[in-house]
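What follows is a short report on a single structure.
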């Protein structure tokens with residue numbers, strides 16, 4: 001993925017950040033590696049905003065789960081919140097916003113495919129949420145988060161933190177036995193920087209695919225996407 005050529009004002013308009021807060025958005029898109037490799041640049045990177053955005057995200061998702069699922073215990077709410085805001089879901093949301101194209105990365109991260117790394121994308125999304133909160137307050141942040149995580153919130157009862165494959169299997173087999181299989185459909189990159197694409201099939205039909213730096217990561221992402229797709233089909 002190449003860096004977006006345009007000023008982040010375009011992204012700011014899309015996500016609801018005021019024009020006078022563009023500097024905050026730029027900070028949210030600045031990875032620490034860029035600052036370390038460019039000492040002449042402004043010293044701020046996105047880690048503090050990531051901290052703030054993580055707190056805002058946790059609050060909003062917790063609030064939504066509390067209201068939508070009134071019979072859940074504290075433990076159930078905590079587990080499902082962790083599942084909704086897991087790295088895979090955060091990275092998926094960042095990809096839908098095409099945040100990777102807007103990131104400022106150091107040369108090393110750029111060369112190693114940093115614009116596609118789930119951890120970097122997840123951190124950037126949290127930082128952007130922090131920027132939205134500072135620009136527009138909790139209501140603006142809530143609108144953004146609920147819109148971006150709407151599918152995950154609607155399907156929260158079927159999510160299990162850390163193991164999408166198990167959760168998907170349990171969800172599918174509620175309606176009876178099913179043959180669930182995962183296969184690697186694409187593999188690219190040098191040995192030190194592999195990328196895998198996995199597909200998940202139910203009874204021979206491809207439901208979703210996912211990608212990752214390991215086969216396991218790709219399969220987990222495929223399962224997470226498949227849960228949302230399967231829930232939509234059965235809903």
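Keep in mind that glycine also has a Cβ here, set from the backbone N, Cα and C atoms.
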Listed co-binder of Mg(2+) (same site as 123, 126, source Swiss-Prot) among 50, 63, 187: 50
Confidence summary for the domain 'RNase III' (8-137), mean pLDDT rounded: 91
Helix-strand-coil residue split for the domain 'DRBM' (163-232), DSSP-based: 33 helix, 25 strand, 12 coil
Additional residues around Mg(2+), ordered along the sequence, whose Cβ is within 8 Å of the centroid of 50, 123, 126: 46, 47, 49, 51, 53, 54, 122, 124, 125, 127, 130
